[in-house]
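Features as listed in TrEMBL:
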- 1-21: compositional bias 'Pro residues' (COMPBIAS)
- 26-145: domain 'Response regulatory' (DOMAIN)
- 166-231: domain 'HTH luxR-type' (DOMAIN)
- D77: 4-aspartylphosphate (MOD_RES)
- 1-25: region 'Disordered' (REGION)
Amino acid sequence: MTPGPTTPGPRTPPGSGPTTPPSTIRTVLVDDHAVLREGLRLMLEREPDLEVVGEASTADAALEVIRSTRPDVAVIDLKLGSGSELDGLRVCAAVRDLFPDVAPLVLTTFLDKAIVVRAVRAGARGYVVKNVDVTELVTAVRSVSAGQSAFDARTASMVLDALKGVGSTSEALSAREIEVLKLLAEGMSNKEIGQALFISATTAKFHISNILRKLKVSRRAEAVYVASQQGLL
């Protein structure tokens, strides 16, 4: 007996199929005030793409929480408990050195040029003052997570002003170093730069070392700022 024709099932309208949810940005909060941390958690977790995965009130606790949770972003206050006045700078530097895939974002009451510049030198990818609008804070978290910088007009001008003249007599960069510098400005790691340029991570690191030496700076963020001033980006 020949089976009859089958009736096709209902078609799924274009665009109505299952969609992949946006990736969640995992965040750790480092502040010595529990009430403030709780407020930040509530504000950030209202956003569907943000999740707070840990909290800490001291520098040592912060590093332990970051080590165990491996977040995308660490929101760090500069003054932590009974530590030094700017203990948060130590956290930024340690995160930069130990957890390069974690983006340090400073959230503090300090708005002083010297402190802002010290934070950048310590590895902060963004600097936000605590009286900032919630929308700006959320934007800053998303920006540093994506490998971008997050400085408002005031803090950005402080950093640029402090770096005026730095590298003004620098040695010219090679074409390859310019390529590496542009990828560095996008927040790429040594491995990612190597993959993009079909070179090893070790070679990418070598080029970055030459870039820092030629621009007469010691940090990647400084190199990007100086290069921007010189019209290299």
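In case you wondered, yes, glycine gets a Cβ from its N, Cα and C as well.
Automated prediction, rather than curation, is the source of TrEMBL annotations.
Long-range Cβ proximity for D77 (4-aspartylphosphate), meaning a same-chain Cβ under 8 A and a gap of 6 or more residues, is found for V30, D31, D32, G88, V106, L107, T108. Mean pLDDT for the domain 'HTH luxR-type' (166-231) in this predicted model: 83.
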